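What follows is a set of notes on a single structure, which appears directly below.
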Amino acid sequence: MQLYLVLLLISYLLTPIGASILGRCVVAKKLYDGGLNYFEGYSLENWVCLAYFESKFNPSAVYENSRDGSTGFGLFQIRDNEWCDHGKNLCSVSCTALLNPNLKDTIECAKKIVKGKQGMGAWPVWSRNCQLSDILDRWLDGCEL
């Protein structure tokens, strides 16, 4: 619990002034510009859906997973025990870099994760909420890319 509070304080202090929850179309545009549309065969709609269900489009979100003790960082709630510098650091990135609203490090790390054998299934929330959804198109409604 103390670690969580420290991480929350650090993320608050490192979050740029004016950073806030991003709009759906802003997220879609940043992910599109970052090359995620059909990356490894997953449509942009899948990525936007994942971002919503993981963080509600909050690039500075930090949530502790009480089941495994890991902490998720940023838009896609990338876990510290595997992917950033609090654990194995398979993305070669600091966990706090995943909180940047420009999403550059988040997108690059997500690309490494999805290249793994689980694909987007590495995010259980995607499997539950997005994978078999027949309304994925709604995530891009009204967005200009």
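Positions of Cβ are set from backbone N, Cα and C atoms, glycine also.
The active site feature in Swiss-Prot is assigned to Glu54; the stated evidence is sequence analysis. Glu54 (active site) carries a helical DSSP state (H, G or I).
Cys25 (disulfide bond) carries a helical DSSP state (H, G or I). Residues or ranges marked as disulfide bond in Swiss-Prot (evidence: sequence analysis): Cys25-Cys143 (among others).
In the three-state DSSP classification, Cys130 (disulfide bond) falls within coil. Annotated disulfide bond per Swiss-Prot: Cys49-Cys130 (among others), in sequence order.
Annotation for Cys84 (disulfide bond): same-chain Cβ neighbours under 8 Å, separated by at least 6 residues, are Phe73, Ile78, Cys91, Val93, Ser94, Cys95, Ala97, Leu98, Cys109. Mapped onto three states, the DSSP output places Cys84 (disulfide bond) in coil. The feature disulfide bond is assigned by Swiss-Prot to Cys84-Cys95 (among others), with sequence analysis given as support.
Here Swiss-Prot flags Cys91-Cys109 (among others) as disulfide bond. Other Cβ atoms within 10 Å of the Cβ of Cys109 (disulfide bond) number 22 in total over all chains.
Residues or ranges marked as domain 'C-type lysozyme' in Swiss-Prot (evidence: sequence analysis): 20-145.
The signal peptide feature in Swiss-Prot is assigned to 1-19.
It is 11 Å from the Cα atom of Cys130 (disulfide bond) to that of Glu54 (active site). Sorting the disulfide-bonded residues Cys25, Cys91 by the number of other Cβ atoms within 10 Å puts Cys91 first. Applying an 8 A CB threshold to same-chain residues 6+ apart, the list for Cys49 (disulfide bond) reads Trp126, Asn129, Cys130, Ser133, Leu136, Trp139. The separation of Glu54 (active site) from Cys25 (disulfide bond), Cα to Cα, is 16 Å.
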